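According to TrEMBL, the feature transmembrane segment maps to 54-76, 88-111, 140-158, 165-186, 206-231, 252-270, 290-314, 349-370, 382-400, 428-452. Summarising the annotation, TrEMBL assigns domain 'Ammonium transporter AmtB-like' to 57-480.
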Amino acid sequence: MHKKRGRRKGEKGRTAMSCSSSDLAPLLGGGMNGSAAADYICNQLSDAGHAIDTTYLLFSTYLVFAMQLGFAMLCAGSVRAKNTMNIMLTNVLDAAAGGLFYYLFGFAFAFGKPSNGFIGTRFFALKGVPDPSFDYSNFLFQWSFAIAVAGITSGSIAERTQFAAYLIYSSFLTGFVYPIVSHWFWSADGWAAAGRNAGESLLFDSGVIDFAGSGVVHLVGGVGGLWGALIEGPRVGRFDHAGRSVALRGHSATLVVLGTFLLWFGWYGFNPGSFAVILKAYGPSGSSQGQWSAVGRTAVTTTLAGCTAALTTLFGKRLQTGHWKVADVCNGLLGGFAAITAGCSVVEPWAAIICGFVSAWVLIGLNHLAAALQFDDPLEAAQLHGGCGAWGIIFTALFATERYVNEVYPGRAVRPYGLLMGGGGRLLAAHLVEILVIAGWVSATMGPLFYAMHKLGLLRISADEEMAGMDLTRHGGFAYVYHDEEPKPATALSLKYSTTRVEPLLQKPVDVEFS
């Protein structure tokens, strides 16, 4: 019994357990009974293999979907209390609207086959699924990635965007923009995919190794958020008349930390789960080396990159500001995760530490640049996901090892690997192309969409509504209720207490913190 190799993101790709009845029958005594027994055993093993891999993929899907709760908590804690209900609702609708549009169009554009190198042409509304390449579990896994992209973009335009605009851009992003990119780099028919169909040429004889989506997911979401935030402009009060940055801090560090840990937890489905299958050996029958080992290594590299980025950000910001800031550390951690996502399966653990260290400084540097250019992104999503995602693509092209590349992307006699690992510059060239085409595609699609909504008055709320808070003006009330609906009439004593306490506070000058 042996297992064939071969894995493509989003496809079953499993080498389905292959059992030869002709080899097994003699061991069972030969004859017709032996052949029948061998056929039966091989069929049972094949069914069990499919069941194990499907269970693994579904479990990974559930972890990735749990990241939506992480996004919701992180976003809620990072905005002011008066906008909590709004940002929570947008996160819910990212999943809901994304689910419908990815079902109708997105999955077909991404993985519908047979197709051309640019766009998929089959599986609209899941017609034709399941087939030998895809089952329902594959659709669900890919949907969980699509809605993550929408969640990234929503953070960049938080606290000032009309609710209708969220629905429009989220549907367009998950139903068309993101699926095209995932087709290019993850589909077996994609023009730049490292796992392209056998016999078809690879980009620079290499293809793009973006294993779990530093570019396909994070750079797409980051560039989309960049255009949204640029076209909307900064929040009221974010920069003073002299152009100095004024800190508009989120209202709950508790929710930020909770969201960060939920995202960390979900990343173990995001990165290791991108193998799609686990029951696959890398050597002869009985070998201890297989996809299960690669899954564990991928979880380790993911962990080390995030931990290193968190610690680097902690001390880096301490040197700059003199404070230990939990929100900055959480963002640094997530930046490390976004960066390692491309190369998590093909690099050594020590290289992941380098990835996390550099990603922290990329995020810190881009945040300083954003403040200097008066660019306002409440969640730092464009800098974190876009900037660190781009670094992760370059990092993979520098540090991917020959052995792991050939294990994860088998079937090619000579495949380029990391430049600094002796593999030449072809992989780096392919990855630079990836960064350019993603930035160009998202800019050419999401930029005009945000601009059109801006011109039609559908994008930004009024300044008065923004000052009052979107929860009150758009959603009928605040997320936090501090008193009953019908408070008791104030007594003379309470009025005296309140005026003597409040009036001096109103007369005092208010300190404004600059960052």
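Glycine is no exception: its Cβ is also placed from the backbone N, Cα and C atoms.
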Practice task
Could you pull out which residues elsewhere in the chain have a CB under 8 Å from any CB of the transmembrane segment (54-76), counting only those six or more residues past its ends?
Solution key: 84, 87-88, 90-92, 94-95, 135, 137-138, 140-141, 144-145, 147-148, 151-152, 154-155, 158, 252, 255-256, 258-270, 272-274, 276-279, 330, 379, 479
Problem - Region pair the transmembrane segment (206-231) / the transmembrane segment (88-111), three or more CB pairs under 8 Å - result: no
Handout entry: Tertiary contacts of the transmembrane segment (428-452) (same chain, 6+ residues out, Cβ under 8 Å)
Key = 153, 168-169, 172-173, 176-177, 180-181, 184-185, 192, 203-204, 206-210, 215-216, 219-220, 223-224, 227-228, 231-232, 390, 393-394, 396-398, 419, 459
Exercise for the section: Could you name the stretch, out of 88-111, 165-186, 290-314, 382-400, with the greatest number of CB pairs under 8 A to the transmembrane segment (140-158)? Expected result: 88-111
